[in-house]
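Here is the structure we will look at, set down as structure tokens.
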Amino acid sequence: MERMLPFLALGLLVAGFCPAVLCHPNCPLDEENPTQENQDRGTHVDLGLASTNVDFAFSLYKQLVLKAPDKNVIFSPLSISTALAFLSLGAHNTTLTEILTGLRFNLTETSEAEIHQSFQHLLRTLNQSSDELQLSMGNAMFVEEQLSLLDRFMEDAKRLYGSEAFATDFQDSAAAKKLINDYVKNRTRGKITDLIKDLDSQTMMVLVNYIFFKAKWKMPFDPQDTHQSRFYLSKKKWVMVPMMSLHHLTTPYFRDEELSCTVVELKYTGNASALFILPDQDKMEEVEAMLLPETLKRWRDSLEFRRIDELYLPKFSISRAFNLENILLQLGIVEAFTSKADLSGITGARNLVVSQVVHKAVLDVFEEGTEASAATAVKITLLSALVDPMTIVRFNRPFLMIIVPTDTQNLLFISKVINPKQA
């Protein structure tokens with residue numbers, strides 16, 4: 001009979017919001033200046049990371065949609081993957097392999113060191129200051145006061161993931177919960193509140209990842225043009241929503257006849273853009289089934305600047321919270337949640353097991369721009385109606401929205417908007 005050891009719970013929390021203020025991390029990722037050789041090597045690794053993260057993002061999206069097909073979806077795949085990569089710093093053997101392969105890394109082509117290096121470089125890139133775009137991403141550890149962590153883990157957590165560390169009294173669960181929730185609320189400018197609802201009585205450590213994004217449209221909508229209009233939930237059912245509009249704009253556009261959808265890219269000031277995918281009526285499931293890295297690449301490669309006479313987009317604010325344990329099991333990350341978990345790289349002992357993975361995201365889309373946080377899937381719907389010689393695009397039925405920083409090509413947020421009035 002297997003002897004059961006007392007296990008200590010470890011929580012993994014992910015939060016995200018997208019506002020227009022640039023956050024400056026309190027803890028720099030690396031004080032040293034990277035050499036040209038490291039930069040060149042990092043570029044190669046970063047391209048691989050972007051491709052891998054897109055694969056993970058769409059795999060995760062499909063699982064989230066299966067869980068609640070009739071609800072809005074918003075999450076930050078990059079925030080979730082970063083949190084799991086951060087966790088893998090302390091994992092060994094099968095636990096480590098499952099986490100990294102679950103993130104869609106090919107471990108015969110990419111070493112563990114290269115994976116962490118690419119996340120380090122990505123965090124450094126995303127946290128660079130800009131007057132036009134506010135984007136910050138960071139990590140933190142909340143550690144039971146009596147728990148002793150390995151120096152190597154602490155050093156790598158700070159060097160590679162810029163993690164802050166906070167001594168926490170988890171015996172006082174109310175105070176610990178407030179400490180963590182206040183931290184996340186502060187880092188997301190008040191947009192993510194009450195990330196933690198409950199703490200396991202055996203919790204000894206909580207890892208947190210947050211992302212904050214706020215950007216202004218390169219071509220903003222005029223609030224005076226916003227009016228109440230129908231958003232179709234189905235052919236016969238609709239809700240009235242505030243509908244923003246733009247007239248006579250030239251922007252990247254692609255009509256995908258193969259998948260029966262229209263793709264429009266709206267750019268933010270700074271290095272980011274939002275990709276809106278509007279399936280034809282009753283074609284959403286077909287488009288979702290083909291959400292693959294190669295599909296996204298084909299869309300982006302096919303975009304061409306086109307004059308759009310009228311574009312209509314709903315103004316909305318949506319949020320979702322997810323417990324990701326069961327979904328991660330479907331993606332092959334299993335052992336970390338069981339008594340077989342090997343997270344001995346954190347404390348030196350095999351007495352830690354992941355008890356919960358919580359993700360919460362908020363997305364606001366309005367006339368001036370977009371706000372979103374941490375694990376956020378951006379939802380904006382696109383509907384195309386062509387009236388020769390005019391091009392009119394109406395996001396007045398369910399659509400997808402993807403926010404991408406142009407300098408990394410990783411997916412910050414993915415959103416599916418089923419109902420703009422569904423908070």
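We number each residue from 1, going along the chain as drawn.
Backbone N, Cα and C define each Cβ position, glycine as well.
Segment annotation: Swiss-Prot labels region 'RCL' over residues 369-394 (candidates 57-82, 369-394). Among the glycosylation sites listed here, namely Asn93, Asn106, Asn186, Asn271, Asn271 has its C-alpha nearest to that of Asn127 (N-linked glycosylation site).
For Asn93 (N-linked glycosylation site), the nearest of the glycosylation sites by C-alpha distance turns out to be Asn106; the candidates were Asn106, Asn186, Asn271. Counting only same-chain residues six or more apart in sequence, the Cβ atoms lying under 8 angstroms from the Cβ of Asn271 (N-linked glycosylation site) belong to Ser130, Leu133, Pro405, Thr406, Asp407. Cβ neighbour count for Asn106 (N-linked glycosylation site) (all protein chains, 10 Å cutoff from its Cβ): 10.
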